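This report concerns only the one structure given below.
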Ligand code: AMP
């Protein structure tokens with residue numbers, strides 16, 4: 001595995017890989033866990049070469065968010081990726097990504113606006129901007145993202161279509177199902193913020209979500225099921241619930257009742273120092 005941290009060597013390294021076969025890109029912010037490695041393994045099944053980026057993107061953190069505290073462990077991450085057969089690690093410094101004078105922003109309206117977009121102003125602009133840059137830098141044949149970040153996946157797909165990134169550079173954007181701990185909690189680099197007691201309490205999130213989904217499927221009113229979910233989380237030790245919404249799975253438009261189109265339950269809630277998100281088919 002080769003590691004590069006400046007744009008020019010990145011372009012040379014990717015050109016050499018591309019001459020040898022298809023290239024898949026897995027963008028991450030590091031602090032890698034089994035969820036990330038599942039994306040890498042899926043990428044390896046799809047392409048001759050996997051490029052992983054590790055970049056804690058300052059533009060997707062709000063002023064009062066956890067940019068400084070976000071876990072950084074490049075040496076350990078690098079060893080994990082090497083063992084997974086990754087061809088190239090792209091680990092730029094912030095100054096390589098956003099040199100002095102950087103002034104361009106990508107903003108995806110509609111699908112970015114509700115849910116996490118409402119709670120974290122500017123977050124999805126930061127995500128869209130950095131992912132667009134990564135696509136242009138690596139020009140992969142396909143890119144893989146986790147369904148754990150369902151709204152992010154929708155924003156990236158919209159951007160790729162709107163900016164004609166889908167062909168020829170990014171042929172496919174693949175979503176990979178959420179990888180969970182044994183008790184159901186979605187794996188996340190931010191789970192490291194939890195104390196042991198908070199970590200145990202956090203398993204209430206997927207449990208309450210499954211209960212709400214079952215209640216709705218059994219005929220309960222969506223509003224009542226979501227209110228029950230919120231109460232269950234607060235009762236289990238969550239400090240607050242940013243949102244708990246049933247949405248159209250593609251447009252992310254909120255649903256007051258479960259129709260026939262695919263629906264998704266999406267939740268963001270705070271416990272200890274962590275803001276946890278999760279989503280499930282409903
Ligand atoms: P992050 O490092 O948190 O920005 O995540 C990098 C990529 O890994 C994103 O596409 C995430 O959606 C994906 N990812 C993070 N956690 C999981 C998980 N538990 N299961 C599947 N994919 C995940």
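A Cβ is built for glycine as well, from the same backbone N, Cα and C atoms used for every other residue.
Note that TrEMBL annotation is computational and uncurated.
Going by TrEMBL, these are the annotated features:
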{"type": "ACT_SITE", "residues": "36", "note": "active site, proton donor"}
{"type": "BINDING", "residues": "29-36, 146-149, 179, 187-190", "note": "ATP binding site"}
{"type": "BINDING", "residues": "60, 152", "note": "(R)-pantoate binding site"}
{"type": "BINDING", "residues": "60", "note": "beta-alanine binding site"}
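Distribution of TrEMBL features across the structure.
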{"residue": "29", "record": "ATP binding site", "DSSP (3 states)": "coil"}
{"residue": "35", "record": "ATP binding site", "DSSP (3 states)": "helix"}
{"residue": "60", "record": "(R)-pantoate binding site", "DSSP (3 states)": "helix"}
{"residue": "147", "record": "ATP binding site", "DSSP (3 states)": "helix"}
{"residue": "152", "record": "(R)-pantoate binding site", "DSSP (3 states)": "helix"}
{"residue": "179", "record": "ATP binding site", "DSSP (3 states)": "coil"}
{"residue": "189", "record": "ATP binding site", "DSSP (3 states)": "helix"}
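For residue 147 (ATP binding site), other Cβ atoms within 10 Å of its Cβ number 18. Between the C-alpha atoms of residue 189 (ATP binding site) and residue 152 ((R)-pantoate binding site), the distance comes to 16 Å. Note: the Cα of the residue listed as 'active site, proton donor' and the Cα of residue 179 (ATP binding site) are spaced 9 Å from each other. Between the CA atoms of residue 147 (ATP binding site) and residue 60 ((R)-pantoate binding site) there is a gap of 18 Å, rounded to the nearest whole number. Taking a C-beta cut-off of under 8 Å and a sequence gap of six or more, residue 32 (ATP binding site) has these contacts in its own chain: 54, 76, 77, 80, 81, 189.
Checking the binding-site residues 32, 60, 179 against ligand 1 with a 6 Å cutoff on the Cβ atom leaves 179, in sequence order. Take the CB of residue 189 (ATP binding site) and look out to 10 A: across all protein chains shown you find 19 other CB atoms. Between the CA atoms of residue 60 ((R)-pantoate binding site) and residue 29 (ATP binding site) there is a gap of 11 Å.
Distance noted between the C-alpha atoms of residue 179 (ATP binding site) and residue 152 ((R)-pantoate binding site) is 16 Å. When other Cβ atoms within 10 Å of the Cβ of residue 36 (active site, proton donor) are tallied across all protein chains shown, the result is 25.
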